[in-house]
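**Student:** First, the structure itself, so that you have it in front of you.
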Ligand SMILES: Nc1nc2c(ncn2[C@@H]2O[C@H](COP(=O)(O)OP(=O)(O)OP(=O)(O)O)[C@@H](O)[C@H]2O)c(=O)[nH]1
């Protein structure tokens with residue numbers, strides 16, 4: 001008896017691009033599922049930050065962030081800088097197969113248009129993700145909105161979705177997969193680890209450090225989750241009590257992380273806590289400290305205690 005030919009498998013890197021707060025993280029979480037998958041044993045490229053991996057029958061989406069595309073303060077550059085940006089984008093988008101441009105339903109401004117232009121200039125297929133459609137009461141208004149955006153532009157597909165309510169996502173995944181090369185999964189099941197919440201808590205603090213300090217972030221900064229306990233919460237069901245230590249090398253760096261009157265550290269802690277609550281679906285009580293460990297990067301046992309020892 002002859003076997004049917006195996007169905008084509010598509011896999012590749014998808015850059016998730018969009019203005020702050022349009023719902024990129026919510027979308028990635030929804031696509032990836034309950035567990036944020038992080039590749040455990042392969043060095044990551046510095047250009048892309050791996051956001052998550054969505055493996056579905058017939059394909060694998062490797063979702064990445066492209067920090068090189070963003071300008072200071074999270075804003076894309078004005079169009080006067082377009083050429084410079086395009087040059088930077090070519091580097092930032094190297095190795096990326098397609099882009100998901102996330103916008104807020106009903107909104108399309110200069111920054112969105114510039115992001116589109118940049119992506120197209122890099123030759124990438126762009127799938128438009130019109131997020132937060134659950135907030136649009138008059139669904140009929142979406143059609144002229146989509147037509148207006150589509151006018152004179154070449155999207156690979158347009159998808160109204162709600163990342164929060166998880167609607168429209170299957171069709172979006174199918175469109176994204178169609179843009180990816182036919183090839184086996186880039187990451188095997190054995191390479192993908194559903195990391196523990198404790199590990200993720202550290203990553204979320206690290207993420208906020210990167211976002212809020214940017215180029216000011218001292219090179220050797222690292223985050224250690226010192227304590228992580230769970231207790232019942234009458235309102236939220238579960239509450240996590242988390243203690244995070246941000247290790248820096250020198251006193252001067254400590255001052256940078258803490259900021260004037262402690263405002264920066266407070267902001268980092270607040271944003272990281274909000275992310276944890278979103279991701280863990282629980283209440284989180286997060287305490288953060290900044291400590292100085294002189295010359296820690298030379299000290300092998302210290303490195304090991306921070307989880308850098310055996311890879
Ligand atoms: N109603 C509604 N709210 C959404 C949807 N997607 C995201 N949000 C909310 O929008 C806010 C921002 O979402 P995030 O996922 O943090 O947005 P982001 O684009 O990752 O933001 P940055 O990290 O600042 O770039 C959160 O309060 C989400 O709950 C959606 O589909 N519908």
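Cβ from N, Cα, C; glycine included.
According to TrEMBL:
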{"type": "BINDING", "residues": "18, 19, 20, 21, 22, 23, 24, 25, 65, 66, 67, 68, 69", "note": "GTP binding site"}
{"type": "DOMAIN", "residues": "10-182", "note": "domain 'Era-type G'"}
{"type": "DOMAIN", "residues": "205-294", "note": "domain 'KH type-2'"}
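Describe the structural context of each listed feature in the structure shown, including burial, neighbouring residues and relevant distances.
**Tutor:** In the three-state DSSP classification, residue 65 (GTP binding site) falls within a strand. All protein chains included, residue 65 (GTP binding site) registers 20 other Cβ atoms within 10 Å of its own Cβ.
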**Student:** Per DSSP, what is the residue count of the domain 'KH type-2' (205-294) in each of helix, strand and coil?
**Tutor:** 41 helix, 34 strand, 15 coil
**Student:** In sequence order, which same-chain residues at least six apart have a C-beta under 8 angstroms from residue 18 (GTP binding site)?
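**Tutor:** The list for residue 18 (GTP binding site) reads 24, 101, 102, 103, 112, 115, 129, 131, given in order along the sequence.
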**Student:** By the count of other Cβ atoms within 10 Å, pick out the sparsest of the binding-site residues 20, 22, 24.
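**Tutor:** Looking at the binding-site residues 20, 22, 24, the Cβ with the fewest others within 10 Å is that of 20.
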**Student:** Cβ under 6 Å from an atom of ligand 1: which of these binding-site residues qualify? The list is 20, 22, 65.
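**Tutor:** 20, 22, by Cβ distance under 6 Å.
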**Student:** Over the domain 'Era-type G' (10-182), what does the predicted model average in pLDDT?
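**Tutor:** A mean pLDDT of 81 is what the predicted model shows over the domain 'Era-type G' (10-182).
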